[in-house]
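Contents: one structure, followed by commentary.
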Amino acid sequence: MPDAILDDISHRRYNPLRGSWILVSPHRTKRPWQGQQEAASPTTLPQYDPSCYLCPGNKRAQGDTNPEYENKFVFVNDYSAVKEEQAEYQPGDKNGSLSSLLLRADPVTGKCYVVTFSPNHNLTLADLQPSQIVPVIDTWTQLYTAHLSPKSPLAQVANATTRPPASHNHTNLSTPNAQYRYMQIFENKGAAMGCSNPHPHGQIWTTTGLPEEPALELEQLKKYRREQGGMNLLEDYAKLEIEQQERLVFENESFVALCPWWATWPFEVMVLARQHKRALVDLDNVERENLAEAIAEVTRRYDNLFETQFPYSMGIHQAPLEGTDVEIEASHFHLHFYPPLLRSATVRKFLVG
C-alpha cells in the first residue's frame, strides 16, 4: 500500500503509460471554495427529435436519410476530420532552411465514422443495459477488423463473427482504399466536452499516423515488456490494483474499472482488460458482454454521482491497425474516461497554470 503520509503532503506520481510525472497536492482539497458557481440545468430531451440528424428516419446534413434502425447505426461522417481523397501535398525540399526545420507539415488521410448507440434521442450509455451496449461493441469490432492490415497477427484471430457486415444503402462500410495505421474509437459526451448533438453517439477515426497519446503509451508498453522479460505493464497494473482494492470502481471476470494512481482528472477512470488482450478482436463473446457491463457500470455511476448526465471524453486504446509484431504484442486493450467535473454538476476542472 502507498504510505499514508501521501494523503497529506505534496508529492508527484509517476505515470508509466506516458513516462511523465504529475504533481499531487491533496491538502488543497480542504481550501474554501469561492470560485465559479452555476445553477444546475437539468437535461430534458424527447425520445425522438424531428430536427436531429441522428434520429431514425431523419435526413442528415448532406441529404441522406437514416434508416429506421432499432439499436445502433453506423455511417461515414458527413463532416469527416480526415478523408480518403484530398489534394496531393508533398513537403518541398528547402535545403535545410529554418522553414524546413520549424514549419513542418505532413498530409493525413483516413476515414471517419459515426456510430449511434440507440435510436432513442434521450438516452445515453448510462441508460442502456449491457445487452444493449453489446451491439455497439460488435460494430466497433467489425469496423476495426475491416481496417486491420492482413499482415497483422491480429488478422489471424479475427474470426467470422467479427468480420464486417455487408454494405447496404444506409451505410458505407466498404473496404478502405488504403491501409491506415491507427483507429481511434471515442465518445465525447455532453456540451461541456464540445459535443454538437445530444443523441447518443460516438465516433471512429482511422488515420495514416499514430495519435500522440497512444504513441506515447505504446513506447512505454514496449519498454516495460523489454525490461521486464516479456511482462505486460497494464496486466501487471490491473493485478496490483485488484490486490490492493483501494482505487477500484468495478470489476468482473474480464475487466476492472479503476481510478489510476496517476490520474489528472478528479473522476478519471480506466477500464483495463484483466488478461493480456491486444485489441477488440481478441475478445470472445463473453468478454464483449463483460466489457459492455463495465461501460454500463462506469457511466451509470458517473451519472449518479452528481445526479446529472455526466460529461466525459472516452477513448479506446488498443493495437494499431498496422504495426510490427513487437508493437502488436506490447499493446493492451483499455479505455480512458476523462471527465471535467470537479465538485458538483456545475463546477468544472480546468488545467490551468
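Even glycines carry a Cβ here, placed using N, Cα and C.
According to TrEMBL, the features are:
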ACT_SITE  H201  active site, tele-UMP-histidine intermediate
BINDING   C52, C55, H121, H199  Zn(2+) binding site
BINDING   E217, H317, H334, H336  Fe cation binding site
DOMAIN    8-211  domain 'Galactose-1-phosphate uridyl transferase N-terminal'
DOMAIN    218-353  domain 'Galactose-1-phosphate uridyl transferase C-terminal'
Problem - Pairwise CA distance, H121 (Zn(2+) binding site) versus H317 (Fe cation binding site), rounded so that it is a whole Å - result: 27
Exercise for the section: Only counting partners 6 or more residues apart, tell me which same-chain residues put their Cβ under 8 Å from the Cβ of H336 (Fe cation binding site). Expected result: E268, V269, M270, M314, G315, H317
Problem - C-alpha spacing of H201 (active site, tele-UMP-histidine intermediate) relative to C52 (Zn(2+) binding site), in angstrom - result: 12
Fill in the blank from the handout: Cα-Cα, E217 (Fe cation binding site) versus the residue listed as 'active site, tele-UMP-histidine intermediate', nearest Å, comes out at 26
Handout entry: Greatest C-beta neighbour count within 10 angstroms, which of the binding-site residues H121, H317
Key = H317
Exercise for the section: For the binding-site residues C52, C55, work out the Cβ neighbour count at 10 Å and name the residue with the minimum. Expected result: C52
Completion exercise
Rounded Cα distance, in Å, between H199 (Zn(2+) binding site) and H334 (Fe cation binding site) is 25
Exercise for the section: Might you list, by sequence position, any residue in that chain lying six or more from H334 (Fe cation binding site) with a Cβ less than 8 Å away from its Cβ? Expected result: L234, M270, V271, L272, A273, I316, H317, Q318
Problem - Euclidean distance between Cα atoms of C55 (Zn(2+) binding site) and H201 (active site, tele-UMP-histidine intermediate), Å - result: 11
Completion exercise
Around the recorded Fe cation site (E217, H317, H334, H336), other residues with Cβ within 8 Å of the Cβ centre, ordered by sequence, are L17, E213, P214, M270, G315, I316, Q318, H332, L335
Handout entry: All-chain count of other Cβ atoms within 10 Å of H199 (Zn(2+) binding site)
Key = 23
Problem - Confidence summary (mean pLDDT) of the domain 'Galactose-1-phosphate uridyl transferase N-terminal' (8-211) - result: 86
